[in-house]
């Protein structure tokens, strides 16, 4: 079984790029100093995340394919949360030279498949040897002539609504930490989030005034909208869906668990929301986030403190 | 002295983004799910590099300001090597929570200053805690309506020329490894490369058929042009400038040392090159790189084997 050290940098680049399926937006793919990606809007949406082994994923909890899908998903969701269409991913991959080449190939299969699910593709990247596996993922997207849906447009009177699963990933991580192997649906949700990528276009069509993807916990992320928009967000805990599968800690997982990459947005008060969007609160004058009228005790995830 | 762990993720984001000077291309800067960058050409040039402590830089050899400048420079040079104008940088930064906040601030000062030197700015990023300092830098650029200058356009009969310092960084790294503190010019060159960013526009004006930045060693990087273009590149060692300051190993440093981010290009045979470009060889039918008619013994740097 050959390792990535056996193949060397350029051998591995060849192996991996052969597995990728370039999408329509890729004008020039891997192999040059840089890629060239279509940006028909005249602007490009761009976001980057750094995923470090032991902190953002564990190789004993997740296989390479799922790590790839998750790394891609969290960046593609950020593009969608701007109301944009994902076009391409750039991937920096650091790993020990002893890593099996097959592990790296499955990682890139996961990246490639998740890109396809969102209408994008892997267009380039960088490979380096390092003591730990690290992934640096940059996602690009196109706004199609529309303004970005930022975090700063929420207005008092707006309704707050969410689209997608909440709490599943946090519940699944808890199970893994406890050494349990079920319910499989929760563990799978932690290994491979399924952001509802259509949410960006839906939110735009519904007239969303603000939008983000829930990566650090619903209450904390709504706090970002509150801060950026200069408003208060009032969440009604009884309105937030808590599926029975989440168990006794379900309410907590739903309110503070990140990594499901659901979408949360604010909409004008008279918006008729389709069933896929659950109203969970309202926007008011003021600052911060209130849960049932009070300041919540725990909001979510800090990448530096946790 | 506060650490980045004391500040927390959002405290540090605030501290760092206040130091950045957004450029004209930044339509929406740090603070949302993603940045929005001007891409007036309708395409965007994009490249990413992952820099790992101990492998790409050493905190005992380089201060944070120089590490920032170097990390930015190597990505900005990749954009310029496509014949594009750099517009923006996204920076993923991982570091131990014990890292002084002032260290991170100087790092971002370096990133910001190097961006300014190339006409770009830092538009967004990601911060995470990790055992080692890791930087993931993505650079974006605009082609201004022109085709990219790739590695695949070299034709037999073309002249090969270089622009910028070669061998300085490798010589400086050797000095640092030997515990020496001079010549300062070489050590500074290792800590902070100075890519001649004007080279991209110059090369385009001169009708360059291929272009890249020399990041892994002149002979090795010319090999990439040879492979992509389906040609042989013949280098004349007597034509490659070897400044006396490089010492006894100068010829080797110049031919195989990376990280100076000089630019190497191929040009039609009748091109009148300005003095800033040094002709070092010719393009011929065939494959690979020849040095004085023979295959070179050592070509350059493999990020996986070194």
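For all residues, glycine too, the Cβ spot is worked out from N, Cα and C.
Take the Mg(2+) 4 site that TrEMBL assigns to A:33, A:78: the candidate from A:47, A:87 listed for it is A:47.
Per TrEMBL, the candidate among A:108, A:197 that belongs to the ATP site alongside A:125, A:126, A:151, A:215 is A:108. Contact with chain B, taken as any Cβ pair under 8 Å, is found for the binding-site residues A:48, A:49, A:126, A:151 out of A:48, A:49, A:126, A:151, A:216, A:259. Spatial neighbours are here defined as Cα atoms within 10 angstroms of one another, and by that definition the neighbours of residue A:259 (substrate binding site) among the binding-site residues A:49, A:78, A:151, A:213, A:215, A:216 are A:213, A:215, A:216.
Sorting each residue of the domain 'PurM-like C-terminal' (A:155-243) by its DSSP state yields 40 helix, 14 strand, 35 coil.
Neighbour counts of Cβ atoms within 10 Å were taken for the binding-site residues A:33, A:48, A:56, A:125, A:216; the minimum is at A:56. In the three-state DSSP assignment, the secondary structure recorded for residue A:108 (ATP binding site) is helix. Cβ neighbour count within 10 Å across all protein chains ranks A:47 highest among the binding-site residues A:47, A:215. For the domain 'PurM-like C-terminal' (A:155-243), the model's average pLDDT works out to 96.
Secondary structure at residue A:78 (Mg(2+) 4 binding site), taken from DSSP and collapsed to helix, strand or coil, is helix. Counting every protein chain shown, the number of other Cβ atoms lying within 10 Å of the Cβ of residue A:259 (substrate binding site) is 22.
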